[in-house]
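Quick look at what TrEMBL annotates:
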type    : residues                    : note
BINDING : 7, 8, 9, 10, 11, 12, 13, 36 : NADP(+) binding site
BINDING : 56                          : NADPH binding site
DOMAIN  : 3-93                        : domain 'Pyrroline-5-carboxylate reductase catalytic N-terminal'
DOMAIN  : 156-259                     : domain 'Pyrroline-5-carboxylate reductase dimerisation'
Ligand SMILES: NC(=O)C1=CN([C@@H]2O[C@H](COP(=O)(O)OP(=O)(O)OC[C@H]3O[C@@H](n4cnc5c(N)ncnc54)[C@H](OP(=O)(O)O)[C@@H]3O)[C@@H](O)[C@H]2O)C=CC1
Ligand SMILES: O=C(O)[C@@H]1CCC=N1
């Protein structure tokens, strides 16, 4: 039974990834050791057998697989030798080459989940360097599948694009939803109702788009051709070139991922 050490195991994303994996038995609590800087690791009270530490070297000494789950600017503090370990990094904007140089790892998986992992709804592209074995890749697939849809990719460069596109999780839809809520309040709805209405709208739209065979572009066309009130709204948004700021936002996030956050 391999031991899995998660550096940054008390953080937001670590919890979102680990809870589903523990619940599904992909990882057993006895296999897991979590490190944090402060010693503050909460959210794992249901699994008292999980070990915690503030000592990353001690974590590495016990672990076969090391998951790096700290913010990019905290990497400099982590001084460990991962030459004989499988290194799994979810850190945005740090390449496998850089991870190899910093930590001596030769078997590296980079993955880019998102915050929807907490609800098992992440889209998680992952990339493995040549040395990663089939058994390790199988574990990685099962681990990320517990918290969403795991999607293997062959080109590492794509990961920077996915960091912008899906790594952002709910953030970009939340911006759209917030604009709708603010408009609804401006139109006279009480804030609580506006909030409930728009959240339910995004849930319904999300489920429909995920489950319908009709792609989003066709949905837009269907409503345009319907020539109703929605067509009036869509036409005004298209006329205002609503795609343009979305493209700019995605490009800015991608450039930041390519440039790195170190
Ligand atoms: N959050 C998200 O939606 C996504 C995040 N990511 C990536 O995941 C990574 C983690 O992000 P996130 O979980 O949001 O960050 P958080 O700030 O929530 O968690 C980071 C954790 O790292 C710990 N940490 C920092 N320095 C050390 C250290 N030297 N040794 C051990 N632990 C340390 C912190 O511990 P302490 O609190 O004690 O200081 C904290 O628990 C980032 O690199 C990010 O790019 C990727 C996709 C989505
Ligand atoms: O915003 C961020 O930097 C993190 C990493 C990718 C998505 N969220």
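Using the three backbone atoms N, Cα and C, a Cβ is placed for every residue, glycine included.
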Least Cβ-crowded entry, counting other Cβ within 10 Å, from the binding-site residues listed as 7, 13: 13
Three-state composition of the domain 'Pyrroline-5-carboxylate reductase dimerisation' (156-259), taking helix and strand from DSSP: 85 helix, 0 strand, 19 coil
DSSP-derived structure type at residue 9 (NADP(+) binding site), helix or strand or else coil: coil
Residue 56 (NADPH binding site) versus binding-site residues 8, 10, 11, 12, 13 - nearest by Cα: 8
Any further residue of that chain within 8 Å (Cβ to the Cβ centroid of 7, 8, 9, 10, 11, 12, 13, 36) of the recorded NADP(+) site: 6, 14, 15, 34, 35, 41, 69, 70
Residues satisfying Cβ distance under 8 Å from residue 10 (NADP(+) binding site), sequence separation of at least 6: 34, 35, 36, 38, 40, 41, 42, 43, 52
Within the domain 'Pyrroline-5-carboxylate reductase catalytic N-terminal' (3-93), residues counted as helix, strand or coil by DSSP: 28 helix, 19 strand, 44 coil
Cβ neighbours of the residue listed as 'NADPH binding site' where a neighbour is any other Cβ within 10 Å: 22
Neighbour-count leader, CB within 10 A, binding-site residues: 8, 9, 11: 9
Listed in sequence order, residues with CB under 8 A of residue 12 (NADP(+) binding site) and six or more positions away: 115
